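Structure first, then comments.
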Amino acid sequence: MASSVGNVADSTEPTKRMLSFQGLAELAHREYQAGDFEAAERHCMQLWRQEPDNTGVLLLLSSIHFQCRRLDRSAHFSTLAIKQNPLLAEAYSNLGNVYKERGQLQEAIEHYRHALRLKPDFIDGYINLAAALVAAGDMEGAVQAYVSALQYNPDLYCVRSDLGNLLKALGRLEEAKACYLKAIETQPNFAVAWSNLGCVFNAQGEIWLAIHHFEKAVTLDPNFLDAYINLGNVLKEARIFDRAVAAYLRALSLSPNHAVVHGNLACVYYEQGLIDLAIDTYRRAIELQPHFPDAYCNLANALKEKGSVAEAEDCYNTALRLCPTHADSLNNLANIKREQGNIEEAVRLYRKALEVFPEFAAAHSNLASVLQQQGKLQEALMHYKEAIRISPTFADAYSNMGNTLKEMQDVQGALQCYTRAIQINPAFADAHSNLASIHKDSGNIPEAIASYRTALKLKPDFPDAYCNLAHCLQIVCDWTDYDERMKKLVSIVADQLEKNRLPSVHPHHSMLYPLSHGFRKAIAERHGNLCLDKINVLHKPPYEHPKDLKLSDGRLRVGYVSSDFGNHPTSHLMQSIPGMHNPDKFEVFCYALSPDDGTNFRVKVMAEANHFIDLSQIPCNGKAADRIHQDGIHILVNMNGYTKGARNELFALRPAPIQAMWLGYPGTSGALFMDYIITDQETSPAEVAEQYSEKLAYMPHTFFIGDHANMFPHLKKKAVIDFKSNGHIYDNRIVLNGIDLKAFLDSLPDVKIVKMKCPDGGDNADSSNTALNMPVIPMNTIAEAVIEMINRGQIQITINGFSISNGLATTQINNKAATGEEVPRTIIVTTRSQYGLPEDAIVYCNFNQLYKIDPSTLQMWANILKRVPNSVLWLLRFPAVGEPNIQQYAQNMGLPQNRIIFSPVAPKEEHVRRGQLADVCLDTPLCNGHTTGMDVLWAGTPMVTMPGETLASRVAASQLTCLGCLELIAKNRQEYEDIAVKLGTDLEYLKKVRGKVWKQRISSPLFNTKQYTMELERLYLQMWEHYAAGNKPDHMIKPVEVTESA
């Protein structure tokens, strides 16, 4: 405000009076500068009475009245000054100040510009003009005003600092920095410039330089409140919490009632985990500033962290009453609603937060997470991308987007997201865990283990990472601290179930750990409830179901739902069943959850089912369920359970009146929306029915089935070469199979038919015997040619016009057949030498994935090998990284390395065929060989098993019971070892058992797909009749046996 009194020289009074006037004027000016406006006005009025036309006095009076907010009086005296001197720039500037204060910015600017035209070197005029231009939004004009002032006086460091502030606000940080540096060069002790420079460095991410400059500012001015606040803020962001606390406390010593500083200090306490202290400090901030929505929001965060969720919710609501557009409170309240299961309200609040603040990255990410949970993956992806666009270093958004892409089967996209999240935040435990899951699913187990371990180092209390690491270690048979690991895993599950959280152990893995039946069922139940949560948001009314078969012309409509209609073990087992249903009584629908993989398995099911619907083209669960209901399905069969590719949400919507679990998943669904589990008395004894959420529906023999007779008909017969010619015939050293085997054998001279004693299908191998004919080719030139082909690694030779193929080098002709699935068209030779198996040893085998082996199983196997000296164990590199671990543990148990032989995983046909070379299969009690059990039995190899308490541990016993080989089922560990040892040491007994298995696989119901289908139909009809009579689902444990002739 211009307040010059320098016009006294114009006075015509005598010198004495002039001196008196001059002294009074200087006194008034000093009082004005000191802020004693009352005294300054009193003395100025004396001066004005002496010289009413003195423009200096008029200017000072104008300034005094302006400072006292008496704007009209200020304007009056400025106007009087202008009347006295129309060229008085300071008067126009003072009048401009009045207009600016009244909000009349254009009038203010015009007066400032007029002042500067009158006096181009008027520094205060430029400064006042700059302030008015800023208020009017003309930032560039304000910059030019400051620049003009500095052209007249480059040493005005305060002005240069103000120019820097303006440039900083415009985002021109380098220019702002230059201004502050010049101000400091001019006045090195100018604390404000040091603080402002610290703000620029902070904005540029130069945290340490920012800290240095704020500290310099408070050193220069120990009472510089704003600098202490800025220092505290940057230290807080840098997570240097102790020093941040010290800075905020110093600020509070200067201004004890500064609510914002109390709020910021509380934030630091919160980050330090001092929740109670944070709560008290937030409450103090609110006490000082009751209408402080930020403080209420942050207080709510702390209360929520403490577990006071209801009080936190109240605080968020208070913040929103104070400020209905408080985006953080909307977002955080949505988080609470989400955790309470009120998903719709959560979505509404997230959307409201984004309506208020469209660039709110966290709200985009949170909304995306809920949308993902609802199955709205494309919309979720859009919001994650928005979050990342807004905040390119938002590691959580990258990690969560990776989860969505993973669910959409975009593995590479997910991998890139997790990798980027870790690049942004190397200490982001969740991202390391998610990356590990990608490696795990891709079979890169060592990388998965490393990433899970990194996650646990960063976040030791991380149940998901711990349980997934435990599963990875199980896959590769790393049993370091095995017992301790199992105890901790059980403890984690117990704690999660108690707190009603989703357990970190997946239902499909629960069979591998020493969990109680109640825990396993509860784990499945939680996952079933997740499906219900997803479908509840669809608000679909319940479907109305038919009570009779009128609309289907008296036929029962059965729908099989699976993601495995293709080259998958489930299709290998059941591919013929859809086409074997009685078309007069059943109408079969197959609902595929996965795209066509182009294999014959898919083609067969598509061709033989009455209807084949690809639901992978209908990603919306509601619409997919509508399609099933529109088809009028009576019994909907769940073949996935909780395996990869499942869509249990379809079943949660209940599009069919009866819903049953079958074949593809070895356990209970735990879900209220599944009525039955199709099983059998051996697999699921009635006395353990409480292990299942479903009602038990028994098949008369076994619930398991294999389509091996259709897929591998060339293995129905075999011939062997008597390579030793010592009178002892081995049926599994050099084996020939083929569709044209009989014709080939008829072309050979000297083929002997050896009658092998074969027990009938009784309870043991000593029951009445029948003879089994086995063709034996003696050692002659033909046999030698076959052996030479194998030894030289030839692919094929021709004998008597028949092509003879090396079993290790089979080729396929049909491109639509999955690799290794085609039935060989030649005579195929399989030998122990091809796999490095000793010719003169007893070969025990197990072709399961290695995760099914546990320390106690390997110990049993080691005991067996020790008791059968001339024996080896044949395992698969499934995966290869498990081989050295198994070998090391076996050596620790006293077994030389050469007693265990590993082979690579083979294509399906070779895998089944080479099973003929083993003498005995040793099943894994923890989780049996299910499909692999069927494979080895079709090869004619006996399987020793010991049923446990879970469904997964009793399947092999069910298969053997159906086969009529009860003597291979052990009641305990000792009996398991004894049975295996007897088979390995009593060669006559081994022959009898092998002969029995070879015979029974054809004559028993185990591989009789047609009979199985008829029995399954009888069970379906029983379910329907029970439902049609108005009954709720109930156990069906008295199956009706059906013969194929029926």
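Cβ atoms are placed via backbone N, Cα and C, with glycine included.
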Range among 11-30, 751-770, 991-1010 that Swiss-Prot annotates as region 'Required for phosphatidylinositol 3,4,5-triphosphate binding':
991-1010
Swiss-Prot feature motif 'Nuclear localization signal', matched against 487-503, 725-741, 793-809, 929-945, maps to 487-503
Can you check which of S399, S510, S669 Swiss-Prot annotates as O-linked glycosylation site?
S399
May I ask you to name which of T318, T393, T454 Swiss-Prot has annotated as phosphothreonine?
T454
Tell me which of the recorded positions S399, T454 sits in the most Cβ-dense spot, judged by other Cβ atoms within 10 Å.
S399
CB contacts for H508 (active site, proton acceptor) [other CB atoms within 10 A, all chains]
20
Alpha-carbon spacing, T454 (phosphothreonine) to S399 (O-linked glycosylation site), which is rounded to whole Å:
16
At the Cα level, what's the spacing in Å between S399 (O-linked glycosylation site) and H508 (active site, proton acceptor), rounded?
25
Please state whether DSSP places S399 (O-linked glycosylation site) in a helix, a strand or coil.
helix
For the repeat 'TPR 1' (21-54), what does DSSP give as the number of helix, strand and coil residues?
28 helix, 0 strand, 6 coil
Pull the DSSP breakdown for the repeat 'TPR 12' (429-462) and write it out as helix, strand, coil residue counts.
27 helix, 0 strand, 7 coil
